[in-house]
Amino acid sequence: MENLTTQMAGVPLNHYIYLCAIIFTIGVIGVLTRRNAIVIFMSVELMLNAVNLLLTAFSVHSNDPSGQVFVFFIMALAAAEVAVGLAIIVMVYRNTKSIDINILNRLKW
Amino acid sequence: MNIIITISITAFIVLYAGLFKAKKALLPLTVVGLLTALGFTIGAWNSNAIHFGMMQTDNFALAFSGICIVGTLLIFLLTQNYFHAKSDNVAEYFTLILFALAGMIMMVSYKNMAMLFVGLEIMSVSLYILAGIRKRDFASNEASLKYFLMGAFSTGFLLFGITLIYGATGSFDLDKIQAYLVDNSKAISPIFYPGVILMMIGLCFKVGAAPFHFWTPDVYEGSPTLITTFMSTVVKTAGFAAFLRLFAGAFGPLHEFWVQPLIVIVCLTLFIGNVTALFQKNFKRMLAYSSISHAGYLLFSLIVLSANSENNVLVYAAAYTFASIIAFAVLILVKQKTGSDSFESFNGLGKKNPLVALSLTVAMLSLAGIPLTGGFIGKYLMFLNVMGDYQMLLVAFAILNALVGFYYYFKVIVAVWFKDGADIELVTPTQYKLVLLVSVAITLILGIYPAIILNLI
């Protein structure tokens, strides 16, 4: 474990920031361009995981455990969100037989 | 701390009462629980306690908790005959609303970013379920899915912002972040600035400020009306309290940086909210756009940070919350009778239902900002605050928008009193009368004796 931390700290912090910004952007683009509710949902998870990775990197670099504790908060609440979100998607599927968000235009945007 | 514990325990007790089919006991239990929580709120006044370095119950937090609890109490009183007609599982509605309230109390009293995130998520996850609680109704499904996708998306922005700020300052604590900004005012880490902007985007999504408002009208229209009432009043108030606590408190020293994007957001929100509200034919959708425009006025107080900013938002939020509760209560009554929520169904309401029509008139006058109502005092304080900094153009723009607002609020008053309609006689249960009277009283008292709330924080 010690070894892992030193190795992680060996990579410059900037690289983590760039990597996470790229992953986060991919998630944002996914949410904005995809039409399938499940894929949008996966893109959101990608955004959250970019955040988790960056928090861990910051936490290791500044020798402060609170960042890693925050990661647990994010994971727990993301799981709660998944449970509710998938239930909502299933409910929509039962009524419309589709999870394409283009059919969700009966109320106009 | 006691407040959150009381509300959470009430939620569990109500859930168990539902399990044992004690339907009659649900509302009394909830009311007792909320009154106890309100008692703790008043009892903790001026104590300024810090709980485990995570939450701080200062007067700001307590005042906003008070508004949220009273607002929720009034909304619970509106549940008479509302859920019972549509579903057997009434206890779940009560429990979810109570959990959302517990999340909101965390949001208004956080001292650590972790609590902001946890409170926001507790509130949002409960609301995703509440928005879609009519499983067979397509509009409700759609509202729920849209709210969920937009909510999760905005949480991502908020979290990325928190992370960058943590990377720059090494802490989640609001006081430490503020101390970092004061100490290093010349050499703030470059990743701090995108962090502030991302958090602003995330919170603007949550409070429904333009250009991140596009989900609001759909979600408000599709959700059950009572849940819409909850979302557009109490939830919005809590969102603004969280916004204010972060930006006026922790990010206060960086005011010059974030005020520019904020001015753009405020102007867009005011313009889009008011102008689109003009063209609505549906009362519920009009209220949704009017809530967007009120979000603009609430953000207006952040343009000039002064000692009064927090109190101004408190007054405005209180006036807006109680006036909106009246408007939605009347909407529920009209919809139960006529089955429609268009403006036409309000025609000629005043002839047979003087009490309801009079309350609706007071609510519309308050939302429009006519003197002697709470809404006027709220707007007056906001404009005065910004005038103090000689930003005349901004104030002129906001006043122009308030004038546009007059048109669509007065349209309702004209329909109620002067147009000929179907002469319907509404069935007004006692609890509704109570809610209407209490809300009208609060609105008028705020307008006539604003001194009672003016120097509260």
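Each Cβ is built from the backbone N, Cα and C atoms, and glycine gets one as well.
Annotation comment: TrEMBL describes B:112-401 as domain 'NADH:quinone oxidoreductase/Mrp antiporter transmembrane'. TrEMBL lists B:25-45, B:60-78, B:90-108, B:114-133, B:145-166, B:191-214, B:226-251, B:257-279, B:313-334, B:355-378, B:390-410, B:434-454 (among others) with the feature transmembrane segment.
Looking at which of B:191-214, B:257-279, B:313-334, B:434-454 has the most CB pairs under 8 Å to the transmembrane segment (B:145-166), the answer is the stretch B:191-214. Outside the transmembrane segment (B:226-251), and at least 6 residues removed from its termini, the chain residues within Cβ reach (under 8 Å) are 60-61, 64, 67-68, 71-72, 75, 78-79, 82-83, 97, 100-101, 104, 107-108, 110, 116, 119-120, 123, 127, 130-131, 133, 174-175, 177-178, 181, 196, 199-200, 203, 206-208, 219-220, 258, 284, 287-288, 291, 294-295, 298-299, 301-302, 305, 309-310, 313, 317, 320-321, 324-325, 328-329, 332. Residues 193, 196-197, 200, 204, 209-211, 213, 217, 247, 251, 286, 289-297, 299-300, 302-303, 394, 397-398, 401, 404-405, 407-408 of the same chain lie 6 or more positions beyond the ends of the transmembrane segment (B:257-279) yet place their CB under 8 Å from a CB of it. Note: the stretches the transmembrane segment (B:313-334) and the transmembrane segment (B:60-78) are in contact (3+ CB pairs below 8 A, sequence gap of 6 or more). Within the chain, the transmembrane segment (B:434-454) has long-range Cβ neighbours (under 8 A, six or more residues past its boundaries) at 74, 77-78, 311, 314-315, 318-319, 322-323, 325-326, 329-330, 355-356, 358-359, 362-363, 366, 371-377.
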